[in-house]
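**Student:** My questions will all concern the structure given below.
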Amino acid sequence: MLGFLKEPVVVTAKINVSLVALTVMGLMSRLWGLCYPRAVVFDEVYYGQFVSLYMKRIFFVDDSGPPFGHMLLALGGYLGGFDGNFLWNRIGAEYSINVPVWSLRLLPALAGALCVPLAYQILAELHFSHCAALGAALLILLENSLITQSRFMLLESILIFFILLAVLSYLKFYNLQKHSSFSGSWWFWLLLTGVACSCAVGVKYMGLFTYMLLLATAGLHFWHMIGDQNFSNVSLLCHFLARALALIIIPMGLYLSFFYVHLALLYRSGPHDQIMTSAFQASLEGGLARITQGQPLEVAYGSQITLRNVLGKPMQCWLHSHTNTYPIRYENGRGSSHQQQVTCYPFKDVNNWWIVKDPGMQQLVVSNPPRPVRHGHIVQLVHGITTRYLNTHDVAAPLSPHSQEVSCYIDYNISMPAQNLWRVEIVNRESDTDVWKTILSEVRFVHVNTSAVLKLSGASLPEWGYRQLEVVGEKLSKGYHQSMLWNVEEHRYGKSQEQKEREVELHSPTQMDISKNLSFMAKFTELQWKILTLKNEDTEHKYSSSALDWITMDTNIAYWLHPTSGAQIHLLGNVATWASANAAALLYLCLSLWYLLRRRRRIYDIPEDAWQLWMAAGGICGGGWAVNYLPFFLMEKTLFLYHYLPAVTFQILLIPVVLQHLSDHLCRSVLLKSMFSALVVAWFSWVYFVYCTFSPLTYGQPALAPAELRALRWKDTWNILIRKQ
């Protein structure tokens, strides 16, 4: 029974010394002097604000992408004991003693360092030689732009890490497919592929490009499996379900979990939640939740309400009226009804209050028991302070002449009768008998006489309208655009029939805990939609560039400048590497077209296994470059050089692929191979020379003299900062 103790227990392990050495060098290149400079560098001013909000648990919305990358940066701050108290107001501001700079920059630096061994392993899994894999890793190691980007509190290095991890995981999974399907390691690499893809998308939506590339690759490989008669129908079904689980279902679930954690952490109200719906705001601690707590849920006849437009663009606003009237004639000479103005006002105000009145009764208070308003009911909306009725008629709106004017009716006794009946349509109802609910219900108000819909046009009125937003009656409306939807935000049951007492009531604050009624999926859907649709005004930036500038690196970005010396940090690529990557991509394309033409003529210049290897490498490296670069030509947004880094990473991996192919198949004699090897050594020495030359701009030290800085301006388009003496 204890016989196994008679022999020693021996554990053997294979250690790839090259891989270990590359990892160590990657860590040294990214972690050395990580706290320098101890000042805000470029977009740290942007991401640092979100880290502070995480530390304080205050809700925010970032329209640049999902929250996973922000949470990783915040994790660094949390591990370093950051309390969130720092004013991220300008680039170059010195960090205070409470900011753990090393901890905040650690995760991006680690991610950037690990890209070096990942590059080695990707080439190895593509079945290229050790020298090719080593070359790919060294090129990533000596790429100045990747070093710069990974040494600060930025997201691109984390994105590239997860992209490369996803590619490597899929290649390992695919290589195990031939001899160990459904083994533990097979499942591990397949699942890790899906997890890494989800993490990449969760960091930035750019990760979606590589995810789609891997999905297409997996689909192509499965298509080939279908044609293989060695697989039974049951086996094919199992393979399909495994891939669907690992590459679609699990990534979707993980993506949802990022938002779940994000929303769980950020439970406090803040300035960003103003763009969210009232229901979302009420689910946050403080802010609107404090105001609306204890409100009645069901809107009834006699209810006093404020109506917030659901769209929230160009800004959040509430249906509003005041004693001023529309001018008799507008600037263009067109006439108006001279009725009381109705607008949408972007601030909370007593003139935002309206009373829901039953057209068949005179009372403006809630009966006992309350009579709730349901979908399809006809109501009148009485302005609380002026007691005039919300009205629309066949008069052109002031700024939108194709739409009807909306006003509060004044009886001028000029044969213009009131048209103040509105039908309540609950858009997000579950049945046609649903009750109109505070905050939760999104409603349309359809004018009974003209079928026009109460709508926020978004135009800003002139001085006579106090620059408030125009509200119109939209005629012949189809569908439910958000500008036509309104929800009750503040609500109380009216108790005072007398106007004087009612005005006092309207001025008093409201005190319905509705947070329990908003599910995670409802909050996720709203937040996801806001991220996708909320766009800041694009402004021209000093260092913005076009996608065409990136290939030849005709642009750079100044990240930081020392306040007194000439020390500075720039995002600049290794010129030798970028030029070589462009040449490798062009050569790969030309050779591939040549081989295809020759193969069409039944002329096979290279063996079939070499052809398959060539195409597989092109699909991953060339395809990775294309999907991460070409979409930027279709984007209407401010672009920067760092957007190109995922694409150029794949293009760099293509260099050793082309070099090995040239050596193996085009250099047929020993002399040619020797000459080619010498050229490769000389070329790599050039790459290393460029890396060393520009390292002062990569690391920010040592400080260079003006003459030295001018010497580094290899292109006229580079903006190297030189202080006047």
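Cβ atoms are placed via backbone N, Cα and C, with glycine included.
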**Student:** Under TrEMBL, the annotation transmembrane segment belongs to which of these stretches: 39-57, 609-627?
**Tutor:** 609-627
**Student:** Six or more residues out from either end of the transmembrane segment (126-142), which same-chain residues have a Cβ under 8 Å from its Cβ atoms?
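**Tutor:** For the transmembrane segment (126-142), the sequence-distant neighbours (Cβ-Cβ under 8 Å, at least 6 residues beyond its ends) are 18, 22, 25-26, 29, 115-117, 119-120, 171, 574, 577, 613, 616-617, 620, 649, 652-653, 655-657, 659-660, 684, 687-688, 691.
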**Student:** Counting only residues 6+ away from its ends, which parts of the chain sit with a Cβ under 8 Å from the transmembrane segment (68-88)?
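**Tutor:** Answer is 40, 44-56, 62, 95-96, 98-100, 102-108, 153, 155, 158-159, 199, 202-204, 258, 261-262, 265.
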**Student:** For the transmembrane segment (186-219) against the transmembrane segment (609-627), do we get 3 or more Cβ-Cβ pairs below 8 Å once near-sequence pairs (under 6 apart) are dropped?
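**Tutor:** In this chain the transmembrane segment (186-219) contacts the transmembrane segment (609-627) - 3 or more Cβ pairs sit under 8 Å.
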**Student:** Under 8 Å between C-beta atoms and at least six residues away from its ends: which parts of the chain pack against the transmembrane segment (639-659)?
**Tutor:** 115, 119, 122-123, 126, 128, 131-133, 135-136, 139-140, 143, 145-146, 149, 154, 156, 159-160, 163-164, 206, 209-210, 541, 543-547, 549-550, 553, 555-557, 571, 573, 577-578, 580-582, 584-585, 587-588, 591, 614, 617-618, 620-626, 628-629, 632, 680
**Student:** Taking DSSP states H, G and I as helix and E and B as strand, how many residues of the domain 'MIR' (431-491) are helix, strand and coil?
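**Tutor:** Summed by class, the stretch gives 6 helix, 27 strand, 28 coil.
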**Student:** Could you tell me the mean pLDDT over the domain 'MIR' (431-491), as a whole number?
**Tutor:** 89
**Student:** Which bits of the chain, at least 6 residues beyond where the transmembrane segment (154-174) starts or stops, bring a Cβ under 8 A of a Cβ in it?
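**Tutor:** 42-44, 47, 69, 72-73, 107-109, 111-112, 114-115, 118-119, 121-122, 125-126, 146, 185-186, 189-190, 192-193, 196-197, 199-200, 203-204, 206-207, 210-211, 214, 217-218, 221, 620, 624, 642, 645-646, 649.
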